[in-house]
Structure formats: structure tokens, C-alpha cells
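TrEMBL has this to say about the protein:
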type: DOMAIN; residues: B:110-201; note: domain 'CHASE'
type: DOMAIN; residues: B:302-373; note: domain 'PAS'
type: DOMAIN; residues: B:377-429; note: domain 'PAC'
type: DOMAIN; residues: B:430-500; note: domain 'PAS'
type: DOMAIN; residues: B:505-556; note: domain 'PAC'
type: DOMAIN; residues: B:574-784; note: domain 'Histidine kinase'
type: TRANSMEM; residues: B:20-38; note: transmembrane segment
type: TRANSMEM; residues: B:260-282; note: transmembrane segment
Amino acid sequence: MKMNVCVIDDDQIYQLIIRKAVERAGVYDSICFYNDGSEAFEDLLNSKKVLPALILLDINMPQMDGWQFLDGLIKHRPDFDRETTIYIVSSSIAFSDRTKAESYKQVSGFLSKPLSVEKLKEIALKHQK
Amino acid sequence: MSPIKGSKLSISHIFSRPILAGIFSFVFLFLLGCFLLYQRYQIIRESEEREMVGVMDQVEKNLNNSLKDSYSVALSMGLLIDDKGNIKDFDQNAPQLLEQYPVIDVVQMDPGGVIQEVYPLKGNEAVIGYDILKDPKTQKEAYKAIDAKKMYFAGPIDLKQGGTAVVGRLPVFKDNRFWGFSAVIIKLESLIEQAGLKELARDKYLFQFSKIDAITNKERFFIENHLDRDYNVVETIILPDGDWKFYIALKNPKETFYELIPLTFFILLIAAWLSWMVILLFKQPARLQKLVDEQAGELINSELKFRTIFNQAAIGMVRVETPTGKFLETNQRFRELCGYEEEELKNMNFRDLTDPVEVDKNVALMNNLLNGEIREYSLEKKLIQKNGNILWIKLSASPLWKEGFSGNTHIAIIEDITERVLAEDELMRKEKRYRALVENGAEVVTIFSKEGWTLYSSPSGEKLSGYSEAEFKAINLSTLIHPEDSKIFQKQLQFAIQNPKQPVLGDPVRLINKAGEWRWAEYTITNLLEDPNINGIVGNFRDISEKKQAEIHLNSTYQTVMEQNRRLLNFSYIVSHNLRSHSSNIQAILSLYNTSDVEEEKLNYIELLSKVGNALNHTLDDLNEVVSINTNLDLNIEPLQINAFIDKTIDLLQMQIIKKGAIIKRDIPDDMIVKFNAAYLESVFLNFLTNALRYREPVRKLEVSITGYKENGSWVLEIADNGIGIDLKRHRDKVFGLYKTFTQIPNSRGVGLFITRNQIEAMGGSVGVESEVGVGTVFKINFK
């Protein structure tokens, strides 16, 4: 069964690119986008809403950044990590961001942009049931 | 034993027995007094007698006058008898006579001894016809007058008509034949009154009046009183015309005697007192002798004592010839002190033992002693011992002659005070050293009371604070301490008070100096209230202002550096993130491009690439602006009037303000002038006002208040709006961040406030924000 993937990122160009890359990888069922952490948070806050299998989360966003999104979700849906897999995807190469990502047990990994098709395939492979 | 010797002995016997002498003199004096008293008594008696004689003379004279008058009356009446022996004109003449001689009470004519005529008749009628010569009671005296042929006063008799009276009968002879009597009657009371007895007797005398009775030949008394003739009678007179006797006597003959009794007592006292004086006088030689004996004994005793003291005293003693300074006598201790033998010292002079420098001073003092200018002196000097060593001594000299006399020896007492002098020297050196340490140290040493009043302050205190010690004493320590530090200091002080003798190191506090500057001081306080030498809390204060200033400066530099570092980090993060997001996009697009075979798709990628190029350009512009703010060090900074710039900004935004119906309130003083770069100031105001216009609450009219005021000496500008507000709980640390937005409003890029903040901070100011969602936002700019 193919996974569905959700991208939370404010970079419009990146959104186009990732859509192409996901299509190329061909291992995902569907893809959805949120332009900001706050947009995603408001949508996913409702516990009845089924979480996507994979979330690719950006850190730097103007209104609600990746960390705030994570914290909000942990607070409101404590068990969300059973339903979904989260990866931080950032253009940041700052060491502090990588360490911070590792401190969240709900986060499966820290990925640097650009995200290659191969990497997307690998992740799908790793987390497919 | 010869009699002479014996008498001498008896005299000396008396002298040696003062009480006996006293008794003798008492007896002698008392007898003498009594004798004088007796003499006095006699004189008084004599004078009394003289006085009584005088009185009697007067009485006699008065009586004689009365009798003479009687005689005249009797005679005048006799002339009324005519040659035939008849009485003529008795009734006419009798009243005239009685009127003329009031002493006479009644007149009678008795021819042949028979009473014929009486005047006044009234009351005397009974006597008419009475024969005098026949009555045995009267005949004897009547015949006595006839026989003597002269007037004779009979009575006093009890009158037939009542009363007692004397009757003077003048026998009248006609042709040498007895005719009868011409008689006058004087009442006894009238006679006594006429004699002036009552007047003369007063209180002092008693009178008596007597007559030898013609019949009984006995003396009869007529005045009622207790005159005791044996004792009292002093004076008498006898009137032969009537055989009368008058007595006079003192009424109180013992009065004189009584008067003398107090005098007797007085004499007794005088005698007793004088004899007591005699006793004392006689005792004097014995007392003096005793005194002499005692003093002689004491003298011997003190001479002995002096010898003993001199020889065995624990201090040195020398007897010195004052004019020359030669030693006359020395004691054991002195010889020990100087190291010479007694024989050697006999030929020596004080100069031999004295430091030549001190000789003159010594000689001068000795001369003063000699002229009596001073009575003693003492000085501390050096004593040169036989072996040449030096001892410090205290010398006290007193002359051996009495004040006001002259003499030529004195005694000097010498004490070894070497140890004391050395100890004093040492003490003085130490004191000097400590004083120098305290006075010249950078530390202020103070002693103050529990209540904070200064008791002592070292001279360095004035150097450091500007307050003199006297000024310090008038100021309470607590008023010098900065209010913010007062609590810490009080805490330390209380701790010190509870822990006596334990030095307490306090945290630095600020103290104000006389010039009004706050100085940082580090201090140690030690509670020595119980130490009797201190009686206070000792405080050591060190001025560490420079150090503290450096520390504060260092701290602020550190803060600045940290801030810059933080900003740099932030910047580098932004740079890395924002630039890398573009480069990673390029990388991804290229990778997709390379792996694509579809030509149309490849064209899409190229288009995408050009979008990335634009975005990158945009980002680079932003970054450039930020970098230029942070690196442009040569900006022109000038004083700018806030009001002018606000005007300019409002002008620029006039169109928008009108369009959106915004109200702008201003309360900015004209003298609000800050040092700023003009372009930055324009940019800052434009940014804040633009934001206010953009993020307004659509449901209400936008109001912007711009207020300028001074806070802690620096200018502050507040820009408050009633817009949508910012959720500071979520966004506080992102408000001024780059590429941070908190609204859904399009075109919010998250650059304006970042730039604004950088511009303000580049000018040395700071900016803060307070906001509430739905209420509004206040930005507060603190200018440098």
C-alpha cells in the first residue's frame, strides 16, 4: 500500500519541485501541501482528521515555524506519532537545528534540502508496512 | 626646811593646783561682790530716807499753814466781841471767813466755855449750849489752852454732830479775865488733805498720824493701816500745838532688797566664770609642756623614720648641696643605681652622672629652687652609670628648708624608669606606625555606633569622601548609602551586631560623597561594641569605584559583544538558510532537469529556475540592506527634531491616512531633539506608521497616538495604535525577526521591523513592544 505524503513549507518553488520529485519516485499515493505551520496546525488539530502517513516539515516559516507546529501537535494530539512519520526538511545546515530535531522522539530524521528522488524512495521503503 | 622655802612651796603648790586657785578666786570674788552690793544697798537706803525727810518737811509746812489759817480765823472772830463781852455780827462775818479759809469747816463762839454761836448752824444745832469745861472728855484739853493762854488743838475728837475732827480753841481774855473760846473745827479728812498726805504718799509711802490721849496718856492712831513702827518708821514730826505726831514709812521696805537679788546672782556667775578662767590659765603651762614633750617625741620618731626610709628605701635618695650640686649623703639604692661606692660619691657632683646636654637644665632648676621661685621639681633624665651605661631616671627634688626661709641642701628622689621609657618609646613607634597606616591607607577606617553615628573616621575618610571627621559625626551612615543598597548593608550590620568580634565582609555598596557622586565601596565591619577601647563597630571601607566602573563597563561591553554575536549568529543563520534554500532549489531543479526527457517539462524547469533567480535577487537585496545598516560606521549623526520628522512622515502618508480615515494624535514637546541619522529616522517612522495603517482593525477607526517624553534623562517615543495587535505569547521573540510575519495579510514579508530595529540599535537606541490581540500595539523607542 502506497503512503500518502504531506509537505508543510512556505517556499512555493520548493513545493513545485517536491511535487515533481514525489511523482518521479512513484512510491507515494498522494501529496498535499500547507503553506505555513499555522495552516497545517489548524487543519490537523482535529483528532478526527486522519493524519497523512508521512509529513515533511520545514523549520523556517513566517507565522508558525516547524518547532511551534510540532509543540502544538504534541500538546493537542499526544499520540500522533503512532499515526504518522515526521521528517524535518530544511535548507538549514545549522548544527543546532539538527540537534534540536534529534531531541524530539516524534521526529524520525533531519533531512537537508534538496531532497532527491532516491531519498524519497528510501524513506517510503523504510516506513512502508 | 626654812619658812621661806615653805611659803614658796605653798605658792607653787597653789599654782600647780588650778582647782584650788579657782576656789580661792571664787570665794574672794564673791565676797567682794557682796561687799559692793551692801554698799549699794546702804546708798539706796540713805537716799530713801532723804526723800522721806523732804516729804515730811512738806507735810509739816502744809500743816503749819493750816494751823496758821485757823489761828487767823479764831483771832478775827475774837475781834467780834465787844467791850461788854457780847458777840456782834457773828452771822455776817462767819460766812465770809469760811469762804476765805476753806480749810475751816465750822466756827464757834463759846463764851464761858458754853457753845453759843455756830456757823454753819445747819447740822450743828445739837452742840448749842454744850459746856466744854464741864465735860470730862474735853475739859482737860480746854484747860490746857486756858493755862497756856494760846491756841491749842484738841482731838481728833468724835463730834457730837458726827465725824472726826480737830478743834482749835483760842482762849479769849477780856480785861485779863477769861471770856471764853473762839473755836474752829477742821474735819480730820480736810486736815489730812490739806497736809497733802495723799498726794505725797502715792504708792510708795505709808503715813500715820497719832496723838497722846489727854485722859489716858496713851498714843492713839488715826489712820487705818499696818504700819509697823519698829521696822518701818523712818521719820516723824511732832506738832506741839496739838501734841500730834506724824509718821512716814516705806510702803514696801523690802523692795530694795528684792531688787538686789538678780544682781547677786549675776555676781555669783561672774565669780564662777572668772574662777573658771583662772583654772584654765593655771592649766596652760602644763598643757604647753605636754605639747612640747609630745612634739619632741614625734621629732625623734620621725627623724628615726626618715633615717630608715632614707637608707632602706627601694628608690634612690640623695641629699645634695643645692648651690654646688655636690652629693652630701646617698642611700643604698642610689649607689646601686649609679654603681659608685659611698666614698667615691662623697667627692662627686651631680654633673659627673649627668649627660652634658642636660646639665644646664638641671642647674637652672636648682637655682630656681634656691631663690624660692619653685618649691619642688621633677624631671626625667639620663643617669650615666659608673660603667658608662645609661639609665633613664625620674628625679624629684624638694628643698630641705621651709617656705620663706633659705637653705642650701635639697633631697632628690631617683626612680629607675628605663623600662617604662623604653616601653613608651616602643609604644610611640607602634602608634606612629599604626597611625601612618591608618591615615595614609586607601582604606577609610571608621568607628560608628549601632545606630550608624560616626564616632571616629580616619583622615583618609576626608580624602575619599570630602567630609571632614566633624562633618562625618553629624551625618548618619545610613543617609550616605544608596537606597538600593541600604537593605544589603543593614542586613550585614545586623549580622555583625549579632556576631561580635567577627569581621563581616559585605557586598559592595554605593556611598554618596560630599560632591554628590556615588562611589562604590567594599567594606568589612567588625562589631567591637564590647571592647572597652573601641565601644563601637569598626568599619573598613575601600573605594572600589574605578574597579566597579571597569567591571560595569566590562559587563556592558560583554553585553554588547554578546548582542552583536547573537545578531551575527542570527544573521549567519538567515544567510545560510535563505541563500541555501535558493541554492538547494536550483540544485533540485537541475537534478530534475537532467533526469527529464520531456522537452516541455525541461522548459518548465528553466522557467522555474528564473523564478528562483528572482527570489534569490530579492533575498540578496534584503540582506544587503541589513548588512549596510550593521556595517555603515561613518553615518552622519546629527541632532534632529522629532516633530519635524513626524510632520514629514505624515506628509508622505497623507493619501493613505485620508483614504483610511485614520486619526493621528501627537503629544511631542518641541524640544525633543535626538541624535540620529536623518535617513534612518525617516525610515523608522515610515515603517511604524505604515505598519499601523496596514495592520488596522477593520471594524473600528484607526487611532495612532505618538507621545514623546523623558525617562531617566533620555527621550522616549511611544507609537500606539488600536490595530489588530500581535500575540506576544507566541511571537515575542519573532516580532523583530527577519522574514517573520504573524498575519495572513498579503505582502507581509517580515523585513520592515527587522530593518527598523537594526537602524535604532545602530544609533545606540532600543525598541520594545507591548501588544494585545484585538486591542492594539505600542512600540516604545528609547533614544540614546
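Every residue gets a Cβ built from N, Cα and C, even glycine.
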Taking a Cβ cut-off under 8 Å, which residues six or more beyond the ends of the transmembrane segment (B:20-38) line up next to it in the same chain?
14, 260, 263-264, 267-268, 270-272, 274-276, 278-279, 282
Who are the chain neighbours of the transmembrane segment (B:260-282) in space, where the CB to CB distance is under 8 Å and they lie at least 6 residues beyond its ends?
15, 17-19, 21-23, 25-26, 29-30, 33-34, 36-37, 40-41
Tally of residues which DSSP labels helix, strand or coil - the domain 'CHASE' (B:110-201):
28 helix, 36 strand, 28 coil
Number of helical, extended and coil residues in the domain 'PAC' (B:377-429), per DSSP:
12 helix, 26 strand, 15 coil
To what whole number does the mean pLDDT across the domain 'PAC' (B:377-429) round?
89
